[in-house]
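Q: Shown below is the structure under consideration.
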């Protein structure tokens, strides 16, 4: 089903015409910023290409731009970046050894984004630009896009970072010979980059072909290697033996029972007692020990999760169809990667490491125009520590974003299963290990959802009632990391809220038991099978921009705690409590934890913008359910993951501070790298460009009902307007439409709610 795409007839975004008419500046009359565009000549910075004055002093943009500065790299751009770096290799041996871990966009400075959003791309808002003597400063063209590449050399075991300019991408893809321009390159010592799917497949083949491994499996009654599943796990860092001078993996092994059933749940039969260490650079087994013979769990008739007949059961037959249709199309508009919906606007991005990225979030607020809320939102890391101290479970501490990549493990989503309704999909392009381009079709899903009641009130005197249905816009992607699935969602609401949500599902990582054995650190869920206790931690990085134009740094963070008034003359009825605010003045003060007893939350405020009551405008972060790590302070995974020790960190924006455990957590020997080190600078936060790092998690005590497949578990948090609006923005949501059709038996209805129809 096609998406609703609004085509903007703006020549500087189109290859059809280089001219810019004055009338093109008034395409958005609802935004007063457009009407405020000065009609005198505009200053052009030195070095810009010549422009031809248009009527009334508006410059003509000579060269069109086809990609917004924040658009994800196209397949062509990735190819050019890889070819440029490969061609720059010093020797044939260097070029032959290059393996490409990541190719991503170099995100430009915020003033470049402001320029693009003012004159070249929607939302076409010149008021975003900073002014000099009352006039905006603009360039005649945007600077060339750049790519950043992480390259691993398989022959030298070196990791390097390259910056490539992509100014001639389109000429190259039409057969030209120019491959871009290397801006910089450097070798990063003492690190290991993330692992790749190609390496995982090679590792599995290497282990399966290792004679001692085949003998060990034969001792367990397995001779058919097609039944064996070898899951390479990153080695982590536990001693100098795990130092990044070698590229290491310590695989886990599982075994299916039927070779003719590829959908069988092999994770239900873990192979215990084996110690395997693989050199991933040279693909050789370095260490192998068959330390303990633990029988494979018996074949369990409940182990499978596929349709009824394949798991020996019967599917439910009483589930009736439920169809979500929108006969007039969706309420959102999409132009490239720019999305507008119910006064919200933002850009959709994607990286191999983070997956979905949301840029330039703003809200169109009547006469106040388009008001920024956040510059960049994403999930930047997750850690899954297990609580069983026995081998091999103590080393299950996956850093799934930094060691593998959430984006490059994303699914191709399916309509009717992953998403319902009128859907706009975004494809994602990323590089593979050898430098080719892979495309995940339908990687990101954009759609509307009915979300129950938005608000309601009935006047008891008159009996008259008003009620509004809530609609939300959801942007999401789902990825698989080994046995687990994670869905990452950003929900935008009509009342100005933004919700971040993670949905956990998939299959538990299990262990085998000796006959008669029980484990203190897990739950027996089937004969000979147990599930260790563990935790999941996620990190949302939010570069906020509450009422801040690009280049402005006028935000601060306030912590709010509810206090109980003590007995006394101010509280003679002993019922008093109040909210107390405390300004977080510096980064060392900003390491905070949730406190549900005090209803603790945090407000990001603009220090120079007030609402009609004179209060500073803001957005507050409201925690959902959360936890802190239950491992001891000296746990090895906390050396690399010190950021999970607190639920909230706040830092002053720095472009190179992107990942809370540092850029290379794989086999990282350095203690407290990333957030825990950056905050030692103790930069001021009293008025700054602030970044919130919210760490939220769940402690998973498995149940029998989590086997063979784990039903979805939801965790997350909310960003809510706090004095940002002068009144509730939900008050102008239109009333519900009437029911179109209703059968007398009450068992079948067709209803319409703000244009969203549900057929039951």
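Residue numbering: from 1, along the chain as shown.
Each Cβ is built from the backbone N, Cα and C atoms, and glycine gets one as well.
Sharing the feature lines straight out of TrEMBL:
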- 68-167: domain 'Copper amine oxidase N2-terminal' (DOMAIN)
- 193-296: domain 'Copper amine oxidase N3-terminal' (DOMAIN)
- 324-730: domain 'Copper amine oxidase catalytic' (DOMAIN)
- 400: active site, proton acceptor (ACT_SITE)
- 484: active site, schiff-base intermediate with substrate (ACT_SITE)
- 484: 2',4',5'-topaquinone (MOD_RES)
Q: Pop the mean pLDDT for the domain 'Copper amine oxidase N3-terminal' (193-296) in here, whole number is fine.
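A: Its mean pLDDT is 95.
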Q: Run through the domain 'Copper amine oxidase N2-terminal' (68-167) and tell me, per DSSP, how many residues are helix, strand and coil.
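A: When I sort the residues of the domain 'Copper amine oxidase N2-terminal' (68-167) into the three classes, I find 33 helix, 30 strand, 37 coil.
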Q: How does the domain 'Copper amine oxidase N3-terminal' (193-296) divide up by DSSP, counting helix, then strand, then coil residues?
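A: For that range the per-state counts are 30 helix, 26 strand, 48 coil.
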Q: Which residues in the same chain, at least 6 apart in sequence, have a Cβ under 8 Å from the Cβ of the residue listed as 'active site, proton acceptor'?
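A: The answer is 381, 382, 383, 384, 406, 481, 486.
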Q: Using Cβ-Cβ distances, find the residues under 8 Å from residue 484 (active site, schiff-base intermediate with substrate) that belong to the same chain and are at least 6 apart in sequence, listing them in sequence order.
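A: Looking at Cβ-Cβ distances below 8 Å from residue 484 (active site, schiff-base intermediate with substrate), excluding near sequence neighbours, one finds 384, 504, 505, 506, 507, 509.
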